[in-house]
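Here is what TrEMBL records for this protein:
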DOMAIN    11-125  domain 'Ribose-phosphate pyrophosphokinase N-terminal'
DOMAIN    152-260  domain 'Phosphoribosyltransferase'
Amino acid sequence: MDKSQNKKHVVLFYCAECEDLARKVASQSDLITLQTIKWRNFDDGFPNIFINNAQDLRGQHVAFLASFSSQGVIFEQLSVIYALPRLFVASFTVVLPFFPTGSFERMEEEGDVATAFTMARMLSNIPISRGGPTSLVIYDIHALQERFYFGDHVLPLFETGIPLLKQRLHQLPDSDKIVVAFPDDGAWKRFHKQLDHFPAVVCNKVREGNKRIVRLKEGNPAGCHVVIVDDLVQSGGTLIECQKVLAANGASKVSAYVTHGVFPMQSWERFTHKDAKAIANRAPFEVLSLAGSIAESLQT
């Protein structure tokens, strides 16, 4: 029996920031159709949103591609996310390539606010559609324990971009000399099982006075192309310090892969020329698109 006969047609909405990615996702399958939203504002700045062709969504499988890249866009997107399943849709899926509050998932002292838990509660209150709870697809959530923050009204599906990395590494001319490096024990715990067919190097960060020093904990990078793997980069300082340690221990080449290159305050400039205006696919950066993976997840 042809498996394609069991696949569903999906109407995919998207936020303005994700338009390019949404088009790439739709190009992966004839069963994914893009639909638009009018993202407008009233004079006071609050959202004035209109879902185009809402009357045609009844009985359709509907998805929304979200980007919570800044505080200012979360409210307007949540408003749409809460509205779509109420339009008598057959099922509803939210795809969130980046869970932005993931670095703040725990309290270390009284007074700390675990904003990751707050975000999970907000997403857990998405209304149930005709088909049941919303499927919530999140890529490379920062801490695995965050999966337990979501309530029973949503079905979280935790995906990863690591298969894209593995595919890219096997395409390299020196693929037989690849060593994967983890900048700390947290990254090792997060990713090592998915990359266990590569030799591994583990670093750790120790405090010396007011500085955090990266040191080689185990493994041998000598003579190899070492690829640092982590889930999140902000300032890039850890990557730079790891590169120094790996090079000092004989690595012939050092690259880095991160699932989420946030780079606030243009910190990506530490890795390229100051006059660069963007990093997407400009040396030394390369972006591995999630479009194929997202398209596949919409059929699950």
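Indices start at 1 and increase along the chain as displayed.
Glycine is treated like the rest: Cβ placed from N, Cα and C.
Please treat TrEMBL annotations as automatic predictions, because they have not gone through curation.
Per-residue pLDDT, averaged across the domain 'Ribose-phosphate pyrophosphokinase N-terminal' (11-125), gives 92.
Remark: secondary structure over the domain 'Phosphoribosyltransferase' (152-260) totals 35 helix, 45 strand, 29 coil, with classes taken from DSSP.
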